[in-house]
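Colleague: Copying in the features that Swiss-Prot gives for the protein in this structure:
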- ASP36, ASP38, SER40, VAL42, GLU47: Ca(2+) 1 binding site (BINDING)
- ASP103, ASP105, SER107, MET109, GLU114: Ca(2+) 2 binding site (BINDING)
- 90-125: domain 'EF-hand 3' (DOMAIN)
- 162-191: domain 'EF-hand 5' (DOMAIN)
- ALA2: N-acetylalanine (MOD_RES)
Amino acid sequence: MAAYSYRPGPGAGPGPAAGAALPDQSFLWNVFQRVDKDRSGVISDNELQQALSNGTWTPFNPVTVRSIISMFDRENKAGVNFSEFTGVWKYITDWQNVFRTYDRDNSGMIDKHELKQALSGFGYRLSDQFHDILIRKFDRQGRGQIAFDDFIQGCIVLQRLTDIFRRYDTDQDGWIQVSYEQYLSMVFSIV
């Protein structure tokens, strides 16, 4: 058996709070049509990736794009229709606002100190060593900082892991006891 700890804070869980209102539907429809290159009525992960900017002149993380599409694709069509796209638009816009809030030096990147503030703001109480692990895991450019798209991905993964942990933390004391196979099941449901 293995034990793992998480100290839940109030409302712990990364993610943007309810953000700004959506732009008008005609604006979003025009954006949708520009992104839907093949005119299928569905934006694929490749189309969305090409349309997104992470602010570093590198392609948006394809894993992040697939994660976002899977959250909003209610019909398992490997893409989002216009109705679902409005949710994607709001989700990404809300994340941009969160990112800008914690990017205190306006570098377009989140460093370890800014990440710690962001996660603390989400209710997480994690060690400096764990913040180092997150930076190493989600820093695709090897600069000790996380770009916007990788910040989203890191928060998505952290939330999924936290959700799984909470299912096993029945007494909500921040400790769980799981068998090796349960542990593997938890990990493989994320990767």
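From the backbone N, Cα and C atoms, a Cβ is placed for every residue, glycine too.
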Colleague: Distance check, please: Cα of ASP36 (Ca(2+) 1 binding site) against Cα of SER107 (Ca(2+) 2 binding site), rounded to an integer number of angstrom.
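Modeller: Per the Cα atoms, ASP36 (Ca(2+) 1 binding site) and SER107 (Ca(2+) 2 binding site) stand 31 Å apart.
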Colleague: Looking at the binding-site residues ASP38, SER40, GLU47, whose Cα is closest in space to that of GLU114 (Ca(2+) 2 binding site)?
Modeller: GLU47
Colleague: Among ASP103, ASP105, SER107, MET109, these being the binding-site residues, pick the one whose CA is nearest to that of GLU47 (Ca(2+) 1 binding site).
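Modeller: For GLU47 (Ca(2+) 1 binding site), the closest Cα among ASP103, ASP105, SER107, MET109 is found at MET109.
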Colleague: If you count Cβ atoms within 10 Å of the Cβ of MET109 (Ca(2+) 2 binding site), leaving out that atom itself, what do you get?
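Modeller: MET109 (Ca(2+) 2 binding site): 22 neighbouring Cβ atoms within 10 Å.
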Colleague: May I ask which of the binding-site residues ASP103, ASP105, SER107, MET109 is closest to SER40 (Ca(2+) 1 binding site) if we compare their C-alpha atoms?
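Modeller: Ranked by Cα distance from SER40 (Ca(2+) 1 binding site), first place goes to MET109.
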Colleague: Tell me, if you would, which residue among ASP105, GLU114 (binding-site residues) has the fewest other CB atoms within 10 Å in the structure shown?
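Modeller: Comparing Cβ neighbour counts within 10 Å for the binding-site residues ASP105, GLU114 gives ASP105.
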Colleague: Near ASP38 (Ca(2+) 1 binding site), which residues of its chain come within a Cβ-Cβ distance under 8 Å, counting only those 6 or more away in sequence?
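Modeller: For ASP38 (Ca(2+) 1 binding site), the qualifying residues are SER44, GLU47.
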